């Protein structure tokens, strides 16, 4: 009313329009305030917090014991496990693998009660502080050397209560586990990783672990160094903790050979091929042929030293056999050169440096192109001509047999 009188008084002035605008704005503001009154007194926020934060008195009875498993009539409680492997990465220790996974534990605790006004089908969430209030099965991963609950996410541990007594705990875990590895067939080896799980403080009379599912991320199947070809959930054949329930996740990792073809086999094959190039150099070029053989030995020794430094010095049977075969092949090239020089020194002028029967019989059986290729010259004798084909062919056969024994 006061504002209306002011408007009538100053209606003849220029301020009347301004005052009229102020009155309308105040009326609108008071209307909005009236609309918010039903949610005043903090009732809306109280209801919202009540749906997400629960007090222990609403769920846990007074006589609740979080140190005792909730088994009934001497019947052990069943704890179901779901394991979802997110990634597997190698560590500096070649027998240890880093596994990141999501584990879900589900069990029934008949002692719990749901808050009032909450239906039996309603699912409520509890934060990680409840792990110190409720009974939770403590799992022990037998063959792990270290591990932690991941802190890369905000909710690294999540507890849910459903169907009045059904509890479900989700946690992101990172573990370093020891895998059995036979380096004798490296780099064609494979890892057998077993993730053995037992309840730490309960016997089989109170807690029994059961597999619900074991799944894997597609990115985890195709890691940089290994390829997972097999995984299966089973029970432990040999229980590491007598009297306790034990389940096991078996994984088989096959080493990827692509990178090792470039780092190990390709340099050694090139070194052996370099030694074969001496057969095309004139026999009188002593320095060139000796340098090629020495250079091949040097490349082979450096590659073998790098391999031995990266892995345990014992047990590398397959890779040591390969380096030995390459060394013997290069050494055979040196022996061939010594033999060719010896024949050339004792040969008479105008004679071939190989026996005539060998030269005639061998060249008669060859096509025209090979006859020109294997034809002795003044700078090379018959031994060099034959070695141009014999040595690569023999090395190819040796390589094929090597792969047949160790890779297949």
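Each Cβ is built from the backbone N, Cα and C atoms, and glycine gets one as well.
Predicted automatically and left uncurated, TrEMBL annotations should be read as such.
Listed ranges 207-228, 229-250, 317-338; the one TrEMBL annotates as transmembrane segment is 317-338.
Among the ranges 290-311, 356-377, the stretch that TrEMBL annotates as transmembrane segment is 290-311. In this chain, the transmembrane segment (290-311) does not touch the transmembrane segment (389-407); fewer than three CB pairs sit within less than 8 A of each other, excluding pairs fewer than 6 residues apart. Residues 94, 183, 186, 264, 267-268, 270-272, 274-275, 277-278, 281, 319, 323, 326-327, 330, 333-334, 337 of the same chain sit 6 or more residues outside the transmembrane segment (290-311) yet have a Cβ under 8 Å from a Cβ within it. Listed by sequence, the residues of this chain that lie at least six past the ends of the transmembrane segment (261-283) yet keep a Cβ under 8 A from its Cβ atoms are 187, 289, 292-293, 295-296, 299-300, 303, 307, 319, 322-323, 326, 329-330, 333, 336-337, 340-341, 344, 379-381, 384, 387-388, 391-392, 395, 399.
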